[in-house]
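Enquirer: Next up is a structure, given as structure tokens.
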Amino acid sequence: MLSYVSAASYAEAEHQKDCPLMASEASQKNNLSLARAVYNWRQWWRESVVGTIDQQSVIEKRRAECTMSARYMFMTAMSGGIAILGLLLSSPAVVIGAMLLSPLMDPIMGLGFALATGDYKWLRQSAVSLAWGSLMAVGLCSVIVFLSPLQELTPEIASRTRPNLFDLLVALFSALAGAYAMIRGREGTIVGVAIATALMPPLAVVGYGLATFNWTVFSGALLLYITNLMAIALTAALMARLYGFRTALSDRQTQLQNVVIVVVFVALAVPLAISLRQIAWEANSSRQVRTVLVDTFDGDLRLSDVTINWDARPITIDATVMTPINRQNAEAQAARVLTRQLGQSVDLRINQYLVGTGTAAAEQAQLSAARASEEAAAAERVADLTSRLALVAGVKEEELLIDRERRRAVVKARELDGATLAAYADLERRIKATEPDWRIELIPPAKALPSIPFADGEPTEGGVAAIKLIAWAGGRVGAPIVLTGPATDAETAAELLRAEGLQTVAVETGSGPAITAAWGDIAR
């Protein structure tokens, strides 16, 4: 028995000595298999993929399309113009139309390929084309916005002012598609649209921010544009490297460039990821705010409007609710819960509108609140109009006659030094242009009336203008007009004044080349 145990122990000891050797041999075999697989894949990539690409043809075509030409500048400007109009109208279809025209893909892809091949002359050429094209687009967009009567910050514009990680991914995927299509010789309009998606709308919003002097919009859109531009160019460079495009860089320079590209991507991704996290937090917090408001009123309410200012400290929340019961401590109770849940101080204001218990009553209250808001806005517009009229006429606001129901405003202007009747008429026209829905009457002082020149029995161009001005002044002042001059010409002028709506016109025969006009009896 002892002999048997000793033999077994000896065999086991010998086996344990052989185990490390066997494990080492197995590991070496696995490493060799992996290395062989990698080698085979690289061979296949070089022969079946890289070997089928005419690198010289691709580079020549890309270089030729990066030049700054009149066509490139014109198409970039037109694309920017269409893009900003689509953003102002909040029309995605129009913005897509701008992307179809945008030629920005060519110089930005040129940047990427020039980086990959180490051709710095080509790099400079592409950068110059891209810079001038961008400036052209921004300039035209700024002019359009400056001249446009519509300058409201639409959702389409606002969405391009807070870049986040998703925007970087859009640029990344667009660049991958664009670089692949160009390398494989399958580029076309669709690929250009993919890249223009990441570039043209932000560029148009930069122009909007510049024209409206909204530096928050300007800086946010510019950051998005630069981020997307760098992401597309660097991704194109990596794709060109992957497909084996020959480079003039040394191995060390190539490795250094690769490290720089990775560092830039990380530097772009980190703040954009933080921005995305903030946007997600705000969206989740908005849901929490609504939930807390509903719970505060035990679900017996209808939320009409909730406005949140996340940039304020503390966070300000304005809520309008329809409820059958007025809860005195609702603001304090909801504010405590929100402060605890959001982890930040909250300034909450709740506007409670008492309604019946039925759905119809709540809807009626909501309509009433909307109507009250509209009436408040109308009152503010009337106050603004009153202030401007008083300023123009040189009188106090109490001296104006304002009829809100008929939308009519009448003001008797004081005499201003050096002001003619034409100046008063022009002031009235200017105010009317800002309030087309109102009937505005500016009563001027009874200043000297212009003469009416005639030629060949008809009033001259200046005479026609004088007749219109006299008719306006006579109608506003409410006094008769006396015309003096040759009988035939004076009667003709009187008929023209009556045709303009001024009926109290008297004619006196006189001499002279022009008809003179004067005021008749003016009621004081």
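Any Cβ shown, glycine's included, is placed from N, Cα and C.
What you see is a predicted model, and the numbers here were worked out from it, not measured in a lab.
The transmembrane segment annotation in TrEMBL covers 70-89, 95-116, 128-150, 165-183, 190-210, 222-244, 256-276.
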Enquirer: Excluding the flanking five residues on each side, which residues at least 6 beyond the ends of the transmembrane segment (70-89) place their CB within less than 8 Å of a CB in that stretch?
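Expert: Residues 95-99, 101-104, 106, 129, 132-134, 136-138, 140-141, 144-145, 148, 150-152, 154, 156-157, 160, 196, 200-201, 203-205, 207-208 contact the transmembrane segment (70-89) from elsewhere in the chain.
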Enquirer: Quick test of the contact rule: Cβ under 8 Å, at least six residues beyond the ends. What residues does that give for the transmembrane segment (128-150)?
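Expert: Non-local partners: 66-68, 72-73, 76-77, 79-81, 83-85, 88-89, 103-104, 106-108, 110-111, 200, 203-204, 206-208, 210-212, 225, 229.
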Enquirer: With a Cβ cut-off under 8 Å, give me the same-chain residues at least six positions beyond the ends of the transmembrane segment (222-244) that come close to it.
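Expert: Counting only partners 6 or more residues beyond its ends, the transmembrane segment (222-244) has Cβ contacts under 8 Å with 46, 49-50, 53, 55, 108-109, 111-113, 115-117, 130, 134, 160-161, 163, 167-168, 170-172, 174-176, 178-180, 183, 195, 198-199, 202-203, 205-206, 209, 254, 257-258, 261, 264-265, 268, 272.
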Enquirer: Taking a Cβ cut-off under 8 Å, which residues six or more beyond the ends of the transmembrane segment (165-183) line up next to it in the same chain?
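Expert: Non-local partners: 53, 58, 62, 105, 109, 112, 191-192, 194-195, 197-198, 224, 227-228, 231-233, 235-236, 239-240, 243, 268-269, 272-273, 275-276.
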